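Chemist: Heads up, here are the entries from Swiss-Prot:
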BINDING   Glu9  Mg(2+) binding site
BINDING   His15, Asp167, Gly168, Lys169, Ser235, Gly236, Arg237, Phe238, Asp246, Arg252, Lys253, Ala269, Lys273, Lys277  ATP binding site
BINDING   Glu43  K(+) binding site
BINDING   Glu56, Gln99, Asp246, Lys277  L-methionine binding site
Amino acid sequence: METFLFTSESVNEGHPDKLCDQISDAVLDACLEQDPDSKVACETCTKTNMVMVFGEITTKGKIDYEKIVRDTCRNIGFISDDVGLDADKCKVLVNIEQQSPDIAQGVHGHFTKRPEEIGAGDQGHMFGYATDETPEYMPLSHVLATKLGARLTEVRKNGTCPWLRPDGKTQVTVEYYNDNGAMVPVRVHTVLISTQHDETVTNDEIAADLKEHVIKPVIPEKYLDEKTIFHLNPSGRFVIGGPHGDAGLTGRKIIIDTYGGWGAHGGGAFSGKDPTKVDRSGAYIVRQAAKSIVANGLARRCIVQVSYAIGVPEPLSVFVDTYGTGKIPDKEILKIVKENFDFRPGMMTINLDLKRGGNRFLKTAAYGHFGRDDPDFTWEVVKPLKWEKPQA
């Protein structure tokens, strides 16, 4: 059996780039909660003792940007300079302007267009991917890397590993077998965890705790064997972290946000963007389409692409590829996709209920936008698809 290795990585909620994603989405949530028609393009950057939010926002809401920044940093665990940032003492800079009137007239006609008439907020192409190798219909390498990161945060916050600090990264290499286009995981080849820690803990204690409290609960035993390689804090020291260790910026973890290097990516980030930005809503609808194709048994693995022009409601193109795993020809699956999914931005917003505020988008901004078991992730709902199974 010929196999190959594939690797996916993830980062924790305390990674500087992910901190920025979460602040941008916390701002978006606050805007949508007060005004569901808010138009938001919110970027965040951070470095030692400083967080800046900037971008274009048009909203009827009264938004306390500084409070959102400080609350988000505090909830992650940035409560002192020792851990990389002090939520209550850091400088918060705000530079927000309104959405360009040129964009507004082209996309939503200054709020005069009906939902089916609303154009895409920009040009671009987005991809959705699904695979039958996990219950989440997501790649195993990505699922494990993401769950290791989430588990690191869990054992930090519940006190199991009190030496942990917010920043950290994970990476998992999986050995795969290609079964006529479908991906079959054989074993976990390598596990890498680099986590921020305090001064009091030894490297041996770090390794022991990570194996017992992080790796063991996350990675199924069937994938681990005596040949599995573990790199646990291989640099030897990771005390300085968060924005003190590295600058952070919204939108720099787009592969971690999606499929861990599998499938494809159009390049547009998600966080801080309202649903008229097809970088986000378009990527969500094609994930639902790809997942529904696989979950309905039409294929074992699938990628869907959609593309847009600014101001134009209808997509320019829709593409489906099942990597040779389709039960019927891809052109037939494409017809089914077009019949069952409305790719117009205004209709995607309604069908996926994307204007709701609360902390909905904040939840997406760490540990992945896809494969999550949460009712707020409406794009993860499998649509029933009718199709004729070919006669044997």
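Quick reminder: no glycine exception, Cβ is built from N, Cα and C everywhere.
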Chemist: On a C-alpha basis, identify the one among Glu43, Glu56, Gln99, Lys277 that is nearest to His15 (ATP binding site); the candidates are the binding-site residues.
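Modeler: In terms of Cα distance, His15 (ATP binding site) lies closest to Glu43.
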Chemist: Would you please pick out, from the binding-site residues Gln99, Ser235, the one with the fewest other Cβ atoms within 10 Å of its Cβ?
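Modeler: Sparsest of the binding-site residues Gln99, Ser235 by Cβ contacts within 10 Å: Ser235.
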Chemist: Can you check which residue among the binding-site residues Arg237, Lys253 has the largest number of Cβ atoms within 10 Å of its own?
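Modeler: Answer returned by the neighbour count: Lys253.
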Chemist: Including all protein chains shown, what's the count of other C-beta atoms within 10 A of the C-beta of Lys277 (L-methionine binding site)?
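Modeler: Result for Lys277 (L-methionine binding site): 23 other Cβ atoms within 10 Å.
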Chemist: With Cβ-Cβ distance below 8 Å and at least 6 positions apart along the chain, what are the contacts of the residue listed as 'K(+) binding site'? List them in sequence order.
Modeler: Cys20, Ser24, Val53, Phe54, Gly55, Leu249, Thr250, Gly251, Gly272
Chemist: Taking the Cβ of Gly168 (ATP binding site) as reference, which residues of that chain separated by at least 6 in sequence fall under 8 Å from it?
Modeler: Val11, Asn12, Gly14, His15, Gly149, Leu152, Ile193, Ser194, Thr195, Gln196, Phe238, Gly241
Chemist: In sequence order, which residues at least six apart in the same chain have a CB under 8 Å from the CB of the residue listed as 'Mg(2+) binding site'?
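Modeler: When sequence neighbours closer than 6 are ignored, the residue listed as 'Mg(2+) binding site' has Ala145, Lys169, Thr170, Gln171, Val172, Ile255, Ile256, Gly260 within Cβ distance under 8 Å.
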Chemist: Across all the protein chains here, work out how many other Cβ atoms are within 10 Å of the Cβ of Glu56 (L-methionine binding site).
Modeler: 16
